[in-house]
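Enquirer: I have a structure here, written as structure tokens, and I will follow up with some questions on it.
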Amino acid sequence: MPDAAGGDEMKQAKEIEDAEKFNFMATVTKAPKKQIQFADDMQEFTKFPTKSGRRSLSRSISQSSTDSYSSDSSDDEEGTPREKHQTNSKGSSNFCVKNIKQAEFGRREIEIAEQDMSALISLRKRAQGEKPLAGAKIVGCTHITAQTAVLIETLCALGAQCRWSACNIYSTQNEVAAALAEAGVAVFSWKGESEDDFWWCIDRCVNMDGWQPNMILDDGGDLTHWVYKKYPNVFKKIRGIVEESVTGVHRLYQLSKAGKLCVPAMNVNDSVTKQKFDNLYCCRESILDGLKRTTDVMFGGKQVVVCGYGEVGKGCCAALKALGAIVYITEIDPICALQACMDGFRVVKLNEVIRQMDVVITCTGNKNVVTREHLDRMKNSCIVCNMGHSNTEIDVTSLRTPELTWERVRSQVDHIIWPDGKRVVLLAEGRLLNLSCSTVPTFVLSITATTQALALIELYNAPEGRYKQDVYLLPKKMDEYVASLHLPSFDAHLTELTDDQAKYMGLNKNGPFKPNYYRY
């Protein structure tokens, strides 16, 4: 039994404590309310920033989230790089970049990229002694990023001379272009080129006294088109073209069909290592990166339509679905449409759903997929962007009319304002979203870059007559070799066939393991 006296003392102490709490709360309640103030400048906590202050805050946020080093340090410089005379540390001026002083920073970016491109570096080390590209004069037109810089420097290490321009006016990393120029590569490119600048840069690569290319590495077909249009005699010495985009390959097949393709061409885009890795896995990750950096959009519950369900479309849809977006597909191909249905997506016509969509993404490689009529019917704040190579998929030209107002709100983000106040958010002016507004995974670009390097080596060293004036796919053995170079990064170990198993399957133990008609 507990002591009764002790219990009474505890009860009394509890009552005193409760009374003290009541008195304290009463005192606080009666105390006058005071405005919270900062000690340093007595600024009221509830004070809102001025309009200019809000704009400044918004700009600083957008710069930190979307702009690269090159944008921050050099985009405010007046004039075009074409008007400036720059030289590298060796005294050469055979280049045109935004600011050669950014070379050191760009070199660090390239070194970081090399760490995740071990297969390409491995190829460089294996073939460097043999110099399989000795005598090759390669003119290239690709995105100029840290990853493509690793490819360019690999080609140079294998014996090639290179001159380079960009295939997209927004995708160049200025600091990387500067690093290439400092290393002696004739590079003509900067972020934010005009259309005139774009063609001028390509022309400077091709048209140089005392230097004529014998190989072309293209991404989109613009370089090949320019040579055909302006310098057709150059093709007398060209040994081959390597093309990596849907758009560029389509142009090559058109030339071939018309009997106008006068050199062999390698279709890298439809190689397994490009189609099934770069197009799918790269876009699966970079679509979200590009949209987040530019719009800060939350995808959960958003209604998104993806135009095209090829490998790029499949990658985009998988990422969007994983974050809770409601995804619709448009398709012309019944096979791709059936795949979309089996993957759980609704296949629709764009004009059936355009009014309800929060985000519209094109990735078809076609033109006028999103027309002015579609844009007129979109709801307020609908986001429109393109994941295809070319800027033809969205009819941006139709938006440059007097009744519509363009408002630049962030780097590569424009609000198109209708007379009634409706806004459509257009990203990168309809150009390739991921490389214009963000970055792409380095590892998967290593796969594509290694494929491009091997295609160049193959075409350059092929005996006369092996390849005719037509478009070719990479040999299956080459695809498998590229894949095998990347497996050590995952500590992956292939199973080897026994002699009996190889005989049973009718295969060589060293490959190729699939026939050319096999669809992965």
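The backbone N, Cα and C atoms fix where each Cβ goes, glycine too.
Marked as substrate binding site by TrEMBL: Thr145, Asp219, Glu244, Lys274, Asp278. Taken from TrEMBL, the feature NAD(+) binding site applies to Gly310, Glu311, Val312, Gly313, Lys314, Gly315, Glu331, Asn434. The compositional bias 'Low complexity' annotation in TrEMBL covers 58-72. Here TrEMBL flags 279-440 as domain 'S-adenosyl-L-homocysteine hydrolase NAD binding'. Residues annotated as region 'Disordered' in TrEMBL: 47-93.
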Enquirer: Among Gly310, Gly313, Gly315, all listed as binding-site residues, which has the most CB atoms within 10 Å of its CB?
Expert: Gly313
Enquirer: Need one number: mean pLDDT over the domain 'S-adenosyl-L-homocysteine hydrolase NAD binding' (279-440).
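Expert: Per the prediction, mean pLDDT sits at 96 for the domain 'S-adenosyl-L-homocysteine hydrolase NAD binding' (279-440).
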Enquirer: Given a separation of at least six residues and a C-beta threshold under 8 Å, show me what packs close to Lys274 (substrate binding site) in the same chain.
Expert: Glu244, Val268, Ile447, Thr448, Thr451
Enquirer: Expressed to the nearest Å, what is the distance separating Gly315 (NAD(+) binding site) and Asp219 (substrate binding site) at their Cα atoms?
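Expert: Gly315 (NAD(+) binding site) and Asp219 (substrate binding site) have their Cα atoms 20 Å apart.
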Enquirer: List only the single closest residue to Thr145 (substrate binding site), chosen from the binding-site residues Glu311, Val312, Lys314 by CA-CA distance.
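Expert: Nearest in space to Thr145 (substrate binding site), counting only the binding-site residues, is Val312.
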Enquirer: For Glu331 (NAD(+) binding site), which residues of its chain lie six or more apart in sequence with Cβ-Cβ distance below 8 Å?
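Expert: In sequence order, the residues whose Cβ lies under 8 Å from that of Glu331 (NAD(+) binding site) (at least 6 apart) are Gly308, Tyr309, Ala337, Ala340, Val347.
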Enquirer: What span in Å does the NAD(+) site cover, taken as the longest CA to CA distance among Gly310, Glu311, Val312, Gly313, Lys314, Gly315, Glu331, Asn434?
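Expert: In whole numbers, the farthest two Cα atoms are 22 Å apart.
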Enquirer: How many other Cβ atoms are found within 10 Å of the Cβ atom of Asp278 (substrate binding site), counting all protein chains shown?
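Expert: I count 26 other Cβ atoms within 10 Å of it.
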